[in-house]
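What follows is a set of notes on a single structure, which appears directly below.
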Amino acid sequence: MKLSPSRRPFSKITIPKSANFCTSGSSVIAQTISTVKDQDTDFVAILINILRGKQSWKHALNDPFVLRNLRPHHIEKVLMQTLDDSKLALRRCKPNSSLGFDLLIQSYVQNNRSCDAVSVFRLMTSCNLTPEIRTLSALLNGFLKIRQFDMVLIMFHEIVNSGIRPDVYIQAAVIRSLCESKDFVKAKEMICWLESNGYDLNLVAYNLLINGLCKGQRVWEAVEIKNSLARKGLKADVITYCTLVLGLCKVQELEVGLEVLNEMIEMECIPSEAAVSCLVEGLRRKGMTDIAFDLVNKLGGIGVTPNLFVYNALINSLCKEGKYDKAEFLYNEMGEKGLSANDITYSILIDSFCRRGEMDTAVLFLDRMKSAGIKVTAYPYNSLINGHCKLRNLRTAEFFFFEMIHRGLTPTVVTYTALISGYCNEKELNKAFRLYHEMTGKGIAPNVYTFTALISGLCQVNRMTEANNLFNEMARQKIIPNKVTYNVVIDGYCREGNTPKAFELLNEMVEKGLVPDTYTYRSLISGLCSTGGASEAKVFIDNLHNEHHKLNEICYSALLHAYCKEGRLKDALNACREMVNRGVDMDLVCYAVLIDGSMREHDTKAFFGLLKDMRDQGLKPDNVVYTSMIDGHSKAGNLNTAFELLDIMVEEGCTPNIVTYTALINGLCKAGCMHQAELLCKNVLVSDSPPNHVTYGCFLDQLTKEGDMEKAVELHNVMLDGLLANTISHNILVRGFCKLGKFEEATSILDGMAENGIFPDCITYSTVIYEYCRRGNLPEAIKLWNTMLSKGLKPDVVAYNFLIHGCCLAGEIGKAFELKDEMMRRGLKPTRVQRSGLIHRDI
């Protein structure tokens, strides 16, 4: 059939000569493209009508118009629009040509109709037509894509049986399908079959098998395949090595993975970032941080680095292990390797500096973080707050807390708990509980660490009833106490002398599956020593040993101290020998306790024997040990023993410091030996350890007790000139003047403190308040009391006692009871004297 000119849909496309391409070229082109598309659509429709018609294709398709306008893309569109009729597609080409069939199979595969493609393939083979190898490769990979691995094998066998020799791509598809279906036995058999039938296998096939084996955690088989490559005339490449490294890391064979990576580098193959990151992270997780660090350094020399996540994780592990120099080295290296530190990097480093107490460096890194434009989160602030609290810099911790809020960051339970713990350690429990209520008021739930901090604070000030109530509150809030929580409460009860309650908690702790540790036992041993004596503590220790519980030297030192305190040096030495026989080494504290005990008993033989034992063990008392012993004997009035210890200290090559000398000066002052104390102080003045405010305070305290206020004021002026005066030294003067009835001088000292940049504390005010009350001037006492409160100072039990007593003397019973109620609300218990006075007045 010929098409008449009048039916031809196409005409020559021309572009108007008047078209201005400088101003409207884009619109003309768009119109032209649109016209071409419309004409293409019409022409394809004509071709489809010809194919679906009953007339002869030969005459119709040989029409000059069709031949002149037919283009390859028209054929593609016709095939794509007639894919639903495979028989029609098979009629399109000559019987002895496979070109159309190949195109059709590929079209079916591209449209995810691989089963129709198989039908075409089978019709072709029945007509003795052979598809192109690339077509068959596309077909097999199409089945791989939809994970029909059985069809890959079926088609492979049909391809081989039809006499077609599979190429490397078809071979790779078959091996991959077997590996994906985890049939590694058949995958190996297929490799062997291909090798024995003369097929030239390339490295891709073996790499696929190695990858499959590694994914299937059959890594040692993969290693064998890699080792066999050389015998086959092949050389492992970067894919082979990296696949093996990743596989070995997956099964935790990190040492072997490291060997493979080193071999890879020797073969001048550059490992991938993924392989390096996986191996470094695996080594880090297994605790092999030094090896991981060395590997990163080695690979950095050839330009390979792990990713940022692995760098951060390794820096974090190094910091936790105390290897700070290596961690900082990695941080500095990151910039050189093109890795930019992120908020996690900085948070890790800031936290590590805070844990070390290097707060200035931590702040420096926070400033760097801000300068780099990195978003600051709550984590670095939490570290800074916690670090300053541990160093007892609460004011600085509060500064960062408020700065954090100012920057729009929301404090977390970690933030609040750090500050609460800091306040509790400083015994500022009112602030701690105020912060706790602020936290819960904002909907932030406390955790076990929050409760443990609060309970610990209460235990430190012997408020065990409240500590126990808070401990029970944890159960009501479904917060499970941990070992530390129990240890804190047990220690509190032991220090209070309530060992039955402490042992009750020990049993409860064990029932809940928590294992007591040396901290638990140390508290119980100390508690038994203070209540039942050393003998009872020794029975408990022996029972623990028989039950195979491990104790450390701290546990035994409590027993040794109890024996020495009771004057039972021989029992202490026997306990010491038992301790060593049980595998617990003596430390400096244990020796110090025994040496001190031998000196109390004037047992020279035992004393020098202990010193010899220490030398034999490579130990010798340090400044702290000697000073502690000297201070103890000085306070007890055993000045001869104290000075003997000083001589021994010097003979042992241990240099006394100002703390040592101050302990001796304090003892001399308390014994009334002011002249000797002054001589010792003059000797100290020419040494490398000049007297400090504590040293001068010893003299000042004794002078005021003796009533020599003239010398006391003179000495205090020297302290002021040397910037050594403080609140305590002013308090000593105030007390001295009050004792002598020189009340105007006392109030003058109080008024002048601010001029010296020194602020009164609760003791300062309560001393003057007491004097007002004693003189019957209750209004002035109350006025000063209110001044103290307005300055944010919290009265202690003594201060309340003074004012309540003053109110009772003045007949102001209502005010006295008001103060008592206020005191009780603050958790302070009235003394027996207070209760007696109030009851007596009430009657």
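A Cβ is built for glycine as well, from the same backbone N, Cα and C atoms used for every other residue.
Where the annotation comes from TrEMBL, it is an automatic prediction and has not been curated.
Residues annotated as repeat 'PPR' in TrEMBL: 132-166 (among others). Broken down by DSSP into helix, strand and coil, the repeat 'PPR' (132-166) contains 26 helix, 0 strand, 9 coil.
Here TrEMBL flags 202-236 (among others) as repeat 'PPR'. The DSSP breakdown of the repeat 'PPR' (202-236) into helical (H, G, I), extended (E, B) and coil residues amounts to 26 helix, 0 strand, 9 coil.
When DSSP labels each residue, the repeat 'PPR' (237-271) comes out as 26 helix, 0 strand, 9 coil, counted as helix, strand and coil in that order. According to TrEMBL, the repeat 'PPR' annotation covers 237-271 (among others).
The repeat 'PPR' annotation in TrEMBL covers 342-376 (among others). Each residue in the repeat 'PPR' (342-376) gets a DSSP state, and the totals come to 27 helix, 0 strand, 8 coil.
The repeat 'PPR' annotation in TrEMBL covers 412-446 (among others). Long-range contacts of the repeat 'PPR' (412-446) within the same chain: residues 378, 381-382, 385-386, 388-390, 392, 394, 397-398, 401, 404, 453-454, 456-458, 460-461, 463, 477, 479, 794, 826-827, each at least 6 residues beyond the stretch ends and with a Cβ under 8 Å from a Cβ of the stretch.
Taken together, the residues of the repeat 'PPR' (482-516) have an average pLDDT of 94. Taken from TrEMBL, the feature repeat 'PPR' applies to 482-516 (among others).
Same-chain residues lying 6 or more positions outside the repeat 'PPR' (587-621) and placing a CB less than 8 Å from one of its CB atoms are 553-554, 556-557, 560-561, 563-564, 567, 569, 572-573, 576, 579, 628-629, 632-633, 641, 644-645, 648-649, 652-654. The feature repeat 'PPR' is assigned by TrEMBL to 587-621 (among others).
Taken from TrEMBL, the feature repeat 'PPR' applies to 622-656 (among others). Residue counts for the repeat 'PPR' (622-656) under DSSP, split into helix (H, G, I), strand (E, B) and coil, are 26 helix, 0 strand, 9 coil.
The repeat 'PPR' annotation in TrEMBL covers 657-691 (among others).
As annotated by TrEMBL, repeat 'PPR' applies to 726-760 (among others). Among residues of the same chain six or more beyond the repeat 'PPR' (726-760), those with a C-beta under 8 A of the stretch's C-beta atoms are 693, 696-697, 700-701, 703-705, 707, 709, 712-713, 716, 719-720, 767-768, 770-771, 775, 788, 791, 793.
Summarising the annotation, TrEMBL assigns repeat 'PPR' to 761-795 (among others). Remote same-chain residues near the repeat 'PPR' (761-795) are listed as 430, 727, 730-731, 734-735, 738, 743, 746-747, 750, 753, 802-803, 805-807, 809-810, 812, 815, 826 (criterion: CB distance under 8 Å, separation of at least six residues from the stretch ends).
Sequence-distant contacts of the repeat 'PPR' (796-830), counting only residues of its own chain at least 6 positions beyond either end whose CB sits under 8 Å from a CB of the stretch, comprise 429-430, 463, 466, 762-763, 765-766, 769-770, 772-774, 776, 778, 781-782, 785, 788, 837-838, 841-842. For 796-830 (among others), the entry in TrEMBL reads repeat 'PPR'.
Only residues 6 or more beyond the boundaries of the repeat 'PPR' (657-691), in the same chain, are considered here, and those with a CB under 8 A from a CB of the stretch are 623, 626-627, 630-631, 633-635, 637, 639, 642-643, 646, 649, 698-699, 701-702.
Note: the repeat 'PPR' (761-795) comprises 26 helix, 0 strand, 9 coil (DSSP; helix = H, G, I, strand = E, B). Note: the repeat 'PPR' (482-516) comprises 27 helix, 0 strand, 8 coil (DSSP; helix = H, G, I, strand = E, B). In the repeat 'PPR' (412-446), helix, strand and coil residues by DSSP number 26 helix, 0 strand, 9 coil.
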